[in-house]
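**Student:** There's a structure below that I have some questions on.
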Amino acid sequence: MVTTRSRSKNNRTTDKDRSKERYAYRPRSTFEESDALVGYRTIDHYLQYDCLLTREELQRLDEHVYSAVDTSWLDELCMKKFWEAVVLYYPLWVAPNLLTLIGLIVNLTTVLVLSFYCPTATETAPAWTYFLAALGLFVYQTLDATDGKQARRIGASSPLGELFDHGCDSASQVFVTLNVCYALQLGTVRCGVFIACLISVSLFYTAHWSTYCTGQLRFARFDVTEAQWSIITMLLCTAVFGPGIWSIGVFGYYLKHLLLSAVALGTIYQALGYLSVIFTDGVGKNGSTVAGTSVLFPICPLLAVIVPYCMIYSKAASSVYDDSIVLFVLQFGAVAAKATNRLIVAHMSRSELSLWDWIYMGPIALMINQYYDIKIDESRLLKYTTAYVYLSLFVYCFFITRQICDYMGIYCFKVTPPRSNK
């Protein structure tokens, strides 16, 4: 739990005035010359609009202080003690962001192995692949939970660490959800895989939407840790008994349908909690966001991600997207991850969100090919657009990280401070 200090009445008034000033609306300033520019007008224009922060945004991001309330049941019961013991085995020269990146790579690798055997989420994979996926998720969870502890241990805490941590989490949402789809063989359910991924990334986005409004990340009693352990348990059961265990009848229904119904109810409850916070707890003027903007506007980037893919999937005249469902949801996950990353950066730099993003050219190309009956093979176009959206996501993450490192005078994957220029 996060504790707060008591203040005198005069201090409270002063803090209230400071809060109004801190969360006041500030229009985005124009860009100055930046070392991140490459010298080509078209590319520089793209970078300025899509990837670069202004000096004022970098300054506010540098001033950002992480704030969270954690009431997670498993965290308090045993996981915090486990993570505090694990972090003691890390060498002092290991950078926290390196731990985060290794966890993401491990999680991605194990999911891709399972994807090789389950390309449509209808197949039965070898038992060892489910064990491997469970292990990969456990490693990812452990590294993700201990990176911040390692940062505090070696005195390397920075806003970049928070951004890098949450950025990797946003990218991994679709990977973790695919584990569930493979275990339950949701490819046998019409739209099952896509809906599961849609719910997952939307809930994650909404959690950071509420943070953008309140300036504080709030964890519920049943949150990330509990969800991840539920998935790990599901994968282990699938490895031992096979995916068929989730198709046994319980009270006249398949077990997996009962599980999905429980997940749907939990998601609705969680989402309503986030929306309540969004509409009532905004810290800006008149209940606005940390940037002094409308608490409603962040729904626009979310809809800009969801609506095109719903239209693309529902309009498909063939089974091309069901046959390539893994590639389809991976592309969807990348677009959603970039939208979430933008929201996290906006929260940390107390900046307004922009609606347009060049990554949307991926789903737009798929839509144009469908709705105007352009004779481009949909399967091939899906591969090309998936490569494009991941390139767009990588370029964005690279330049944002580079800018922050240059401004703060730190390295991303090294503990050793940079040398001063003399």
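Residue 1 is the first one shown; counting continues down the chain.
Glycine too: its Cβ is placed from the backbone N, Cα and C atoms.
Those TrEMBL annotations? Automatic predictions, nothing curated.
Copied straight from TrEMBL:
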type     : residues : note
COMPBIAS : 1-10     : compositional bias 'Basic residues'
REGION   : 1-20     : region 'Disordered'
TRANSMEM : 87-113   : transmembrane segment
TRANSMEM : 125-143  : transmembrane segment
TRANSMEM : 191-209  : transmembrane segment
TRANSMEM : 229-251  : transmembrane segment
TRANSMEM : 258-279  : transmembrane segment
TRANSMEM : 291-313  : transmembrane segment
TRANSMEM : 325-346  : transmembrane segment
TRANSMEM : 381-401  : transmembrane segment
**Student:** Determine which residues of the chain contact the transmembrane segment (87-113) at the Cβ level, with the cut-off under 8 Å and only residues 6 or more beyond its ends counted.
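**Tutor:** Contacts with the transmembrane segment (87-113): 129, 132-133, 135-137, 139-144, 146-151, 153-154, 156, 160-161, 164-165, 168, 171-172, 175-176, 178-179, 411-416.
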**Student:** Using a Cβ distance cut-off of under 8 Å, indicate which of 191-209, 258-279, 291-313 has the most pairs with the transmembrane segment (325-346).
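**Tutor:** Per the Cβ count, the answer is 191-209.
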**Student:** For the transmembrane segment (381-401), what are the same-chain contacts with Cβ under 8 Å, counting residues 6+ beyond its ends?
**Tutor:** 36, 47, 50-53, 160, 163-164, 167, 171, 320-321, 324, 327-328, 330-331, 334-335, 337-338, 341, 345, 358-359, 361-363, 365-366, 369, 412
